[in-house]
Structure formats: C-alpha cells, structure tokens
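> Before anything else, here's the structure in question.
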C-alpha cells in the first residue's frame, strides 16, 4: 500500500509518498509561494530532482502539480493515482473534540473550522489541502492527524488556566499542546527501546519551534505549549512564557492592537528578538563564539528555560525512565544537550560525553545514570502515514 502525506502551510506544501510495505519514502517534495509570484515545486526522487516553476494560485493548483510530479514519465514513482491507497493530512488544531486521528468527513471539517480561532494560520491551510485532494482525487480516503491529539490525555490540573472558569466553559480557553505527532512518535519508539509500555519519559522536541512533554505511563500528562504554540520555551521567533502584563503595557504605551501584539510575540520575539541577529540557532552559536553578548544571552535564556521545564516535569512525574531529545536542535546539537543537562547529575541524569557526540538514534547517558538519555530522531510524516494506513484499511 502506498500512502501520500501532505502538510499544508498558508503559502507552502510539503509532501512524502510512502510505500508502507517497508515504510520507505518513494519521493518527497516542497511547493513554495502558493498564491504568490514565483511559485515553485521541488520534487525529489532517488537523489534526483524535478523543479517546476509555474503560477499556482491556490492549494488546488499546487496539489495538481504534486500529482503530476508523482506521475511524471521520468521523475514519477507511480503509473496511476489508483496506486495511492489514502492521503494523510497534518492538521494543527483539533481542540478537545478531535482527540485522535480520523477519516475526514463533513463533520470533521466543520470541527477543524471551529478551531480556526486557535489556529488561524494553519487550520485554514490544512482545510484547503484537504478540500483540494477531495476535488482532485474523488473517492480517495483522506485522514486527519492532529498536532494536538496526543496531549488530550492531560488531566485538568495540568491543562487548565487559572482564569475565571466560565472562560473555559464559554470559549474552551485551556492548554492544548502541539508537536503531538512528534511527541507520540518519540514515545512509541522509546517504549520499544525500553521494552515496556508503561513508561515515564520527558520528550524534548527542540527546533525553531520547541516543546517538551511529560509522559506518564505512556500517556501525555503535561506539555509546554498551550492554547496556541506561543506558550512555553523560547523559540526561534516566539517569546514563550511571558508575564501577560508585558503585552498590556506595550499595547497601552505603544498603541499596538491585539493583532500587532500577536505578530510581535509570534514573529519578532524569541531568540531573534533577544539577539537582534537571527532565529537560526546555528547563526547565534557562530556569533556567540565571536563574542556577541546578545547572541550568547539568547542561547543562555533558551537553555535555562529548557532546564526549568525538564526539572519541573521530573518533579511532576516522580520517577523518570528516560529523557529523549528530538527535533533539529535536539537531534543535531550535542553541545546544546550537554549544556541543558549539565546541572542534572544530582537528579540522577548523567551524560556520557563520548556517546553524546552523535546525530543518530542513540543511548547517550552514562552507564551509571539513573535516568536514561536518548537521541530519538523524530519522524512525524511516518507517524501520519502509519495512522493513515491503519484507518484506510
């Protein structure tokens, strides 16, 4: 069985086609600048690539070009769309109503629309991708896999906000959490590595967007992101946790609207805002080595925030089997992992510095560490493909 996985952004689209007999990737690609001048599709297969530069005014035209690439005489990997058993879609926000992956129908689409208020950039784009596939491949099963789903096992004491309770009842204002597909993949893989299902672990997904989850007995117990992906850790451009009065002060002092304030906190803050240089952690490490104090400050603030969450989740869980690093930074930066965990020895977490020097899946803790530490490269697309295969049977 072949499964197509699609991840739609507001002006971009990523895709991968899987052969689920061995979970291999047959091809993958990216469509950029949808609805903007300079639309481009880059399709990769067997180390070769096909580049298509044509106007693509919407997601339907973009997905039509994706289908053409899949069927291309030279760069294609299928002879007919009939070979694709189902299409899996990453959907940002399912709220507390769509708590697991599901076959998409009109009711599901209505619920995705309902949560546009909490995912105004992503949910509309996710819907456009779904509706384009329904139009271009009628009769094909479309499956939704939600970023929020894994976290819906959190108890009320970890997902509620301490604001008047009627705001929760009237507007569902609560923590939902994100990167759930990644945290679920890491959890399932760590269950295999530890040889048991009832595991207590801390999953640390660090990239330009970052989040941490506390997993208790194999289920999400708490997570750092909140109602939206803005809460929690410092990120590339997101502020993370912040005294809300900072916002009201700036709105009063500078005359910012709520939308402008949202833009500042989501797009101009985080390590970019602190450093004034870049949202890319590699750039900051380079600048810090040259003696740039603000670059170093941004990195230090990021590390301290990660430490705070890991330490807090260790207290919440009581017993911790493992801490698992994933994401672009979590998987690739041995120095970041070392700096994050260098104060945890008293809590039973000890790195083996030689083993830590890796970018592959590995156990990187010392033999005498009470808590195991792993690098577990995440694979959200494969997780979506697996769910799609299961539901499409």
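Note: Cβ is positioned from N, Cα and C throughout, glycine not excepted.
Annotation source Swiss-Prot lists Mg(2+) binding site at 7, 380. The ATP binding site annotation in Swiss-Prot covers 14, 205, 206, 207, 208, 209, 280, 281, 282, 328, 329, 330, 331, 332 and is backed by sequence analysis. Annotation source Swiss-Prot lists substrate binding site at 90. Annotation comment: Swiss-Prot describes 147 as active site, proton donor/acceptor, evidence class sequence analysis. Here Swiss-Prot flags 179, 238 as site 'Transition state stabilizer', drawing on sequence analysis.
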> Looking only at DSSP and grouping its letters into three states, which state does residue 329 (ATP binding site) belong to?
helix
> Out of the recorded positions 179, 206, 208, 329, give me the one sitting nearest to residue 380 (Mg(2+) binding site) by CA distance.
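Out of the listed candidates, the nearest Cα belongs to 179.
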> Find the shortest Cα-Cα separation between residue 90 (substrate binding site) and the recorded positions 7, 147, 179, 238, 280, and name the residue that gives it.
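Nearest candidate: 7.
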> Please give me the CB contact count at 10 A for residue 206 (ATP binding site), counting all chains in the structure.
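Excluding its own Cβ, the number within 10 Å is 25.
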> Reduced to three states, what secondary structure does DSSP give residue 179 (site 'Transition state stabilizer')?
coil
> Which of the recorded positions 7, 179, 238 has its Cα closest in space to the Cα of residue 208 (ATP binding site)?
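When the Cα distances are compared, 238 comes out closest.
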> Please state whether DSSP places residue 14 (ATP binding site) in a helix, a strand or coil.
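DSSP assigns residue 14 (ATP binding site) to strand.
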